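Working notes, beginning with the structure itself.
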Amino acid sequence: MHPRFQSAFAQLAENLQSALAPVLADEHFPALLTAEQVTMLKQATGLDEDALAFALLPLAAACARADLSHFNVGAIARGVSGTWYFGGNMEFLGATMQQTVHAEQSAISHAWLRGEHALNAITVNYTPCGHCRQFMNELNSGLELRINLPGREPHTLGDYLPDAFGPKDLDIKTLLMDEQNHGYALTGDELTQSAIAAANKSHAPYSQSPSGVALECRDGRIFSGSYAENAAFNPTLPPLQGALNLLSLNGYDYPDIQRAILAEKADAPLIQWDATAATLKALGCSNIDRTLLA
């Protein structure tokens, strides 16, 4: 079990501990539960889905990297496939606050980058901030997404974001988590191809500036992140954050990164290179390359 889970695991009910122990045994547990594992945990504990998600929130919060605030927020995104995806807030010392990943963004990006096509619900241990409510409004689940908070009845995103502004106001038809492929040819080595594939998956309807980042760890594992724009612009999630989020959720740390590649268009209206390189250098990675989409 990864050390980050030990304290939270000790606080779980005994029957949940017994059922989860084999799942968490891998130090690189991927911070997700398959539909089969969710069913197994429900049977082992007698909990329904909402109650089980609440019981698991301490494990999601343990995934947070709150190096500045020391305020761990955890979220669990529940996919239509039945898979549950953990997420936690991420803060990057030496970078800027604008590089922060919120827990809801973490869980949603996690689900999206794992190939989930839509969400039924998201469970969070603290009320979503306005930034996250706006981020969630970009999803193809729209204002019907169910939000579960401890001690409260479930509500929809529409309840938390009345009179919402979103992609439909800008006549955007393809939404976040809809399948997209920008069609750029996969060239170069495996890491470069991973970055291009991530760029192809980008949700960039406002700037037409697709981009992707791929990170290679010292053991050869590769984690990729895709760019996710938002109708309100500021809640946009850069591709580096998507990749760092996956890396961290899988039990790796920033010193494990030995090489990084950004894929983007040379003539794009928005460029990720400077912010990507600055953040990676703040995290101790200086082996950073850029490949141009063509």
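Including glycine, each Cβ sits where the backbone N, Cα and C put it.
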Binding-site annotation, Swiss-Prot, Zn(2+): partner of CYS129, CYS132 in HIS102, HIS155, HIS182: HIS102
Which of CYS129, CYS132, all binding-site residues, has a Cβ with the fewest other Cβ atoms inside 10 Å: CYS129
Alpha-carbon spacing, ASN89 (substrate binding site) to HIS102 (Zn(2+) binding site), which is rounded to whole Å: 4
Per-residue Cβ crowding (10 Å cut-off), top of recorded positions GLU91, GLU104: GLU104
Additional residues surrounding Zn(2+), by Cβ distance to the HIS102, CYS129, CYS132 centre under 8 Å: ALA103, GLU104, GLN105, PRO128, GLY130, HIS131, ARG133, PHE135
